[in-house]
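Per TrEMBL, these features apply:
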DOMAIN    48-488  domain 'Major facilitator superfamily (MFS) profile'
TRANSMEM  45-72  transmembrane segment
TRANSMEM  92-114  transmembrane segment
TRANSMEM  145-168  transmembrane segment
TRANSMEM  180-201  transmembrane segment
TRANSMEM  207-226  transmembrane segment
TRANSMEM  301-320  transmembrane segment
TRANSMEM  340-358  transmembrane segment
TRANSMEM  365-388  transmembrane segment
TRANSMEM  394-421  transmembrane segment
TRANSMEM  433-454  transmembrane segment
TRANSMEM  466-484  transmembrane segment
Amino acid sequence: MVGKNKTLQNTTNLRKEMESNINYRYSFKSIFAQVERKLVTYIRLFYSLALAGPCFIQTGIGIEITCSTIIIGALASNKSNNGLPPLTDEQASWFGSLLFLFTPLGSALSSLTLDHFGHKTCMIITNVPFIVSQIMFFYANSVGTLYACSMLMGISVGYSGGPSSAYIGEVCEPKLRGALMSATNVFYFVGSLLFTLIYAITLEWRLTVLIAMSIPIVTIAILFMTPQSPMWLLTKGEPLKAQQTLGKLRGWPSHETFSSKEFREMIAYTSTTMVHEDDDTEPDATSSWGQLLRPEVYRPFRLLLVYIFFANLLSGIQYVPYLVAVFTEFGAPVNVEFTLAFSVFLSTIGGIITIFLINKLGKRFLTLSTLLICSICYILIGLIGVYWTNSKPITSWLVLILFLTTTFMSSLGIMPIAWILLTEIFPMKSRNITCSAGGAMGYLISFFMIKYYLELSNFVNFYNTFTLFGISGLFGAVYFYFYLPETENKTLQEISEFFK
């Protein structure tokens, strides 16, 4: 009997010790969870495979847009032409701008297929014309082939805009959306930097495009492992899968995901959309295309077009295909190929800094400050180039430094913010169409700027173009001071309500 009581007492003591250990372990996990939440803002910059696909797509876009710069410069300098003669001004303007002309076609195809296939599948499809264009570049033996490659790249870039932008806007938390979108935009500069560095080292543009073809192949492999957007899954009647996907994206247990405010808002947001789709009494008002006539859609769309215009103008998009000639015109005694790579490196650094500044300073402040600085630098370049002509060794370095300053400042603010706004200022019902249409219009604006830049430069003089663009930027700063709202740390619903 005594032995039985002793055994019972030992069992009781053991149970108490186990409970004590369990409580201790639970407390440790609780403390760890609290510490983890303090660090989550910084860790989530790299928190999910979900953003890897869009990041690599941006890398590919950087390569595609830089292709014309490298090839036009290589052919003009007779470096590794491999049977292709130097391009005339007319041929160079078409080759440099056709990519931007065909992006609306890619965007239109994207808007027609995005609702049906979803973001993930569409992001995979966008790499197909990219791969084909790089193969054609490698074997190109005529100007016509170069044109065809530029068209294919335009379709690829246009098709990627809607799916990747809408996807990022939907999977990111409101407080991290700006920073994470800025992070993905950095990969655009990374793509350009890799491409220019490879060419600066090899001086063989055909070999450069062949190496660059590895990027879309890796992108496709990554996208096969990327989850679908939770919002898109909800619109397709799959709430359980949407719940599981959101939980994985946020690192929550499934029961927390279901009860979270964010998931409830997603359900309410998408439910409202689906109710409108089922309402046949007002088809024009509730259809995706009919929504374009609503104030909460056409007002942000108008703002976006104005923003993209000034962002392109003051980030120097019109100079991009001709940067080799621009740096040569400045006259500074530098290696043009490595100067080109250095300018892209500055853009990359600016994009990285944006990640950390955008949440603290906001998009409105960054827009106004960087736009003003770029405008002033452009005006100074124009005035120095026209009126200070008796000190060429000094002025050549001065205008180059001012130009590189605009490259850095535009990548710090106006350039990435333009594409961040694209992902967040439209209501969900029309987001797929407006993201595609907004991206298409942005690239169409770029087409006209690039296609007719050489004619404008011949008409008003090279340096006067900087003065003209700089003065235009000052007017843009005034417009944004009155009409650009602050969208940082706002939910998509709050932003949509602002424009109503």
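The backbone N, Cα and C atoms fix where each Cβ goes, glycine too.
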Leading stretch by Cβ pairs under 8 Å, where the reference is the transmembrane segment (180-201) and the options are 45-72, 207-226, 301-320, 340-358, 365-388: 45-72
Range from 92-114, 340-358, 433-454, 466-484 with most C-beta pairs under 8 A to the transmembrane segment (145-168): 92-114
Other parts of the chain folded back onto the transmembrane segment (394-421), taken as Cβ under 8 Å at six or more residues beyond its ends: 165, 177-178, 181-182, 185-186, 189, 300, 303-304, 307-308, 310-311, 314-316, 326-327, 330-334, 339, 342-343, 346-351, 353-354, 357-358, 363, 366-367, 369-371, 373-374, 377-378, 380-381, 384-385, 388, 442, 487
Across the domain 'Major facilitator superfamily (MFS) profile' (48-488), average pLDDT on the 0 to 100 scale: 83
